[in-house]
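A.B. asks: Take this structure, written in structure tokens, and hold onto it; I'll ask about it next.
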Amino acid sequence: MGKSGCSFILLELLLLQCLISLGQGYDFFYFVQQWPGSYCDTKRSCCYPTAGKPAANFTIHGLWPNYNNATYPSNCNKNSPYDGTKVNDNQSTTLIKMDRTIVVVSDLFSRLEVSWATLACPTNNGTKFWSHEWEKHGTCSESVLDQHSYFEATLNIKDKVNLLHILEAAGIRPDDNFYKVEDIKEAIKAGTGYDAAVECNSDPSRNGQLFQVYLCVDASAKDLIECPVLPKRKCKSSIQFPIF
């Protein structure tokens, strides 16, 4: 290979490195929701946020950029720390549909407290959790989504994907009973149209529990897609769906 060929390859590698450092190197997102009953029902336990006990519903863990080869970028821009004033942009308004009513929301904090609640101890308002998610994951999609857009897009996806409703429609309820993992996956597939990965944790008695669900979202963070690659998460064949 001549010098010109080597130089071209070197230029491509440098460009790729530059794109990744600017948060432009990703192919899709994992949209991850967690069941609060399983988060709390461990030896570690949990603390309710300052806004009070969350509703018995799945909550957001994060929207995580990923590559098609099963790797992922992280902490892409140290010069873009979490800034609550950017997230809670009172100049923008969002229309969300709750049952049959259209509600106008002028900020994101109220929605974050409901749909992206923290359960970490000690009790806090969620800022540390949201900051971690933005700085580790959100900065890697910054060429497409600024801080406000990142959180707003994630909340909008949550509004579209009501996992609890989907599971309950299939007879799978948070009642401390055990359900087959395959039945859970089939219910989610039927309700969303896409395959999902299920992650489990263990309660103090070492029972496997339904903990997190992974679905995939396109690079614009607008629509669910079939996962290019599903994360490998181990679960027992039957797991508990704990009460919260």
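Glycine residues also receive a Cβ, built from the backbone N, Cα and C atoms like all the rest.
All TrEMBL annotations are machine predictions without curation.
Okay, these came from TrEMBL:
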- His61: active site (ACT_SITE)
- Glu133: active site (ACT_SITE)
- His137: active site (ACT_SITE)
- 1-25: signal peptide (SIGNAL)
A.B. asks: Mind checking which of His61, His137 has the fewest other CB atoms within 10 A of its CB? They're the active-site residues.
C.D. replies: His61
A.B. asks: List the Cα distance (Å, whole number) between His61 (active site) and Glu133 (active site).
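C.D. replies: Taking the Cα atoms only, His61 (active site) lies 8 Å from Glu133 (active site).
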A.B. asks: Let me know how many other Cβ atoms fall within 10 Å of the Cβ of Glu133 (active site).
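C.D. replies: For Glu133 (active site), the count of other Cβ atoms within 10 Å is 21.
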